[in-house]
Amino acid sequence: MPVLSEDSGLHETLALLTSQLRPDSNHREEMGFLRDVFSEKSLGYLMKIHEKLRYYERQSPTPVLHSAMALAEDVMEELQAASVHSDERELLQLLSTPHLRAVLMVHDTVAQKNFDPVLPPLPDNIDEDFEEESVKIVRLVKNKEPLGATIRRDEHSGAVVVARIMRGGAADRSGLVHVGDELREVNGITVLHKRPDEISQILAQSQGSITLKIIPATQEEDRFKESKVFMRALFHYDPREDRAIPCQEAGLPFQQRQVLEVVSQDDPTWWQAKRVGDTNLRAGLIPSKQFQERRLSYRRTTGTIPSPQNLRKPLYDQPCDKETCDCDGYFKGHYVAGLRRSFRLGCRERLTGSQEVKVPVGAESQVLLTYEEVARYQHQPGERSRLVVLIGSLGAHLHELKQRVVAEDPQHFGVAVPHTTRPRKSHEREGVEYHFVSKQAFEADIQHNKFLEHGEHKENLYGTSLEAIQTVMAKNKVCLVDVEPEALRHLRTPEFKPYVIFVKPAIQEKRKTPPVSPDSEDPATPLDEQQQEMAASAAFIDQHYGHLIDTVLVRQDLQSVCSQLRAVIESLSKDTYWVPISWVR
């Protein structure tokens, strides 16, 4: 092994160490990391600078004099008085050049050590308590970005203190400003008797560098306690409309279903978070889960927002109600098991017209929609496919859509065979068209919560059981099920991992007459009654169940929406998705 000489520097030591690294089966990654680090050119340059500085410290050079500039001026004055020889004129010209004068000025500055900052003298009338406090001068360099800190007035001492540090902001990156620090001056302006909003305005107007005079907090907060919690927002939020937020400029707006990375939960009222996928590295303020729940509970109590039990529900997507039609499971001459008319045939008769409908009371109806903790999930080979749940507004024709997709690939897709109490017809087979059971057995299953949905049509009971869905999934098929939105809460379990797709019809305003020219204005006619019902149905689902929806498909025609649906289902086995954290634990 080569031996280093006593005069070898750190740079040569690192070079030799890099050449001596050998891969080890147990520490291959660590060895690779060290080799990459030691081979970096930037590290080599730093080592050379380090050696130069160490050499300088060992030599300890001292200046011959501390006023070279003054000496040069004296020499120039003598030469100007008697400038005869050419050498004297050349020396005078050389000493007069700006570059040499600048070098001499730098020499004097270094020799006199005038490069250290000089603090202003303390005022004569300063109190004794202030003299005992350690004052810290902090200079931050920032662009047009905010400082990344909020301030408040301490109720007991009246001092202006730092209330919070925004993760990723200028103050956080500096590591010099902490929660609890007392702010005394901003760019030489005292802030002892100014309001927090006046101080914020001074900070906002400061561009480039900003100098703060602060008194450090007695107990420094733990700045690096990252929570690394991912939350899906179940509501829309705009800090400009929130009067409770301590600083609107520090707020983080987000949309429903957007995933947020919560980086700090130190404040029980206001969390700090970032939008996942956002290029902005600075965190913003969002209401905490507890605070948002209290606000929603208060608004619900006072009637500001309606209670779920009192919602007026419009019609959802309805199946065909004819006894003989292509909805009976036949598609292009082939029969597909389970593709029968939905049990909601009876619901169509009962819900015709506008009437007050109570949303089923359950755990979901009492939940205050704030945040849902999520984690990344990717389907693994050999794992059961996720349940694909279709919900549709009026006019979506889900049964037709489901029928087309399953019939085109029955080996890959399947549907749950429903239960019924009606008598079996001569051409029907048990477990193919329906599971035929007695009314007593059907009602017993209802009592044991075995049905996802159930209803009555012409004095016969129809229903889709959870067991029927499990049977399809056990065959390694993608199970398609269409339900009313209220039933989604029964399916949101780790077993099913449902992917919810909302299908709504395309609604376009009709023109009275074709326009004469492209520039002519021809107002569209209002939506007819049927289109208004479709629009109201879609708006209701989006407003009250949008937090449960993963994808929205707009049905222009059957072929296009089928292609979109198949593409979405295909991506479920390839892409990574955010799901409730309870589904992956």
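Glycine residues also receive a Cβ, built from the backbone N, Cα and C atoms like all the rest.
The domain 'L27 2' annotation in Swiss-Prot covers 61-118. On the 0 to 100 pLDDT scale, the domain 'L27 2' (61-118) averages 84 in the predicted structure.
The annotation domain 'PDZ' is assigned in Swiss-Prot to 137-218. When DSSP labels each residue, the domain 'PDZ' (137-218) comes out as 15 helix, 32 strand, 35 coil, counted as helix, strand and coil in that order.
The domain 'SH3' annotation in Swiss-Prot covers 226-296.
Per Swiss-Prot, the feature region 'Disordered' maps to 510-530.
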Tell me the residue counts in helix, strand and coil for the domain 'SH3' (226-296), as DSSP assigns them. 14 helix, 24 strand, 33 coil
What counts of helix, strand and coil residues does DSSP assign across the domain 'L27 2' (61-118)? 39 helix, 0 strand, 19 coil
